[in-house]
Amino acid sequence: MTRRRRRPGDALAPYLMILPGWLWLAAFFITPVIVMVSLSLQTGDFIDGFRQTFHFSTYADVVRTYHVQLVRSLTYGAIATVSCALIGYPVAYWIAFRAGRHKSVFLFLLLLPFFVSFVIRTQSWNVVLADHGVVLGPLKDIGLLSADFHLLATPYAVIGGLTYNFLPFMVLPVYVALERVDPKVIEASTDLYASRTQTFLRVVLPLSLPGVFAGVLLTFVPSCADYVNAGILGGPSTTMIGNIIQTEYFTNLDYPAASALSFVLMGALLLAVFTYARTLGTEKVLEAAAR
Amino acid sequence: MTTTVAPAAEAPATPRPRRAGRGRRPTLTLYTGLVLAWLLLPIAVMILFGFNDTHSKVNFTWQGFTLTWYEHLFAIPNLTSALVNSLTIALVVAVVATLLGTPIGMALGRYRFRGKGSVDLLMFAAIAAPEIALGAALLSLFIVMGVPRGYWTIVIAHVAFCIPYVAITVRARMVGHDPTLEEAARDLGAGPWTAFRLVTLPMLLPGVASGALLCFALSVDDYVITSFNAGRTVTFPLWVYSASRTGVPPQVNVMGTLIFVGGLIIAGSNVLFSRRRAS
């Protein structure tokens, strides 16, 4: 009785609805990636033009030349992600279990940074951490720090900036996962004489892991590929792969090398993400990510 | 009456969540407070230094309170035009991406069809791919095609990365929707368009609105993809980034503060609006 009737056109409807947006993505997402791969296999220079030569050794060349920055990007990204998880998990836990009636207020506070431009937020750290700024200035004046001590242009500043910028992306999915933990399960654990620590380690933590996985995904990819933090807070010794890609495109005009590097970065990160998502199910990760 | 009923009705929904008691273990509370303060510190710095009576171009140390930067908000023509570019681009992007993304979200939320998995995958890949790769790929396309970069290439790029966000937001809204309502409208003689306009659309509207707002926010804020496809066009984030090397003028703080306040007002009214609809 409640079964849906099929009307003529029903079978076509989803395709017609998807088509316009799909065409846009085909033209400006799928095609560009293919073009980028093709460009990475060309040789030539900016003045004489580039020809398709399937010169695969460009890939070997860029990896050899820039492996330091590649490894550095992945390392910074990994450290920032772990820091986000360590800093963010207790916050998510507190909001989920201890914030009581004011949960939404604290979630809102967590979202506030998104109302300020990413570049301005990072720039604000530049002001705070400046060599004679509000933090270092007074400490230097009273002689606690030597006059040439600086935080900017160090890995600490860049990783700190990355951790700062991507922290909410970790806290929110973890919060969602913790929020879904059935209080009855916790009660059952307590009734069975589990201590607080045992309840947390054996019940709450495992149930919240999907949230942590989603958070890792949402922080690791953008922080590895980020170059705004390295650009504003970093120096020559903290150059990340994003900075290199930009230089190759705009300063060196070496399009094949730039394309190859971008593809290596995207390939590496997407591969990591997909193997990660495969083990958990794409839908689940997407859902968690969309919240 | 309602005031006496409400707490009683709420009580069983939250079965003793505060068993531990907030007062007994203040460490975690204090810690959360510190992290939130850390998260909000740059916002405070931004707002504060918009009132800073600085005389040099470098806005690093506190010199005293002034409103002069609010008066001379548009004193830097380049900065003003960058802001105007950002806002108009975001508006166009929000409209186009919402028009293209909403039907995708509806289709994914309602129908089962061959190829659904690949559309899901495409949305996932577009969101999961690092921004820099999207920007670089589009730049490669424009270079190969000989398209000069500028205002419209920024719009194209932004729409491309916004569509999946709209689709996912709308889909989430669609999943909770009962398709029989629309069936009922059709049975009562409404055409497909009328049924959509009178039944599906009003229900979908909060999802569509938050999708559009999300697009606007993502577009206004985007640095990475924009920097690859902007050519000589300068947007607000691009201007701030390039100024960060020499010193950011206080007008940037003022504009950031105004965008912040505006965003809060819009988001707040959206929440209120959808709450009123829900009740």
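Just so you know, glycine gets a Cβ as well, placed from its N, Cα and C.
Taken from TrEMBL, the feature compositional bias 'Low complexity' applies to B:1-13. Here TrEMBL flags B:83-270 as domain 'ABC transmembrane type-1'. Under the heading region 'Disordered', TrEMBL lists B:1-24. Taken from TrEMBL, the feature transmembrane segment applies to B:28-51, B:87-109, B:121-145, B:151-174, B:195-220, B:254-273.
If one looks beyond the transmembrane segment (B:195-220) by at least 6 residues along the same chain, the residues whose Cβ comes under 8 Å of a Cβ in the stretch are 86-87, 89-91, 93-95, 97-98, 101-102, 105-106, 158, 161-162, 165-166, 169-170, 172-174, 177, 181-182, 185-186, 236, 259, 263, 266-267, 270, 273-274, 277. Between the transmembrane segment (B:151-174) and the stretches B:87-109, B:121-145, B:254-273, Cβ pairs under 8 Å are most numerous for B:87-109. Most Cβ pairs under 8 Å with the transmembrane segment (B:254-273) belong to B:28-51, among the candidate stretches B:28-51, B:87-109, B:121-145.
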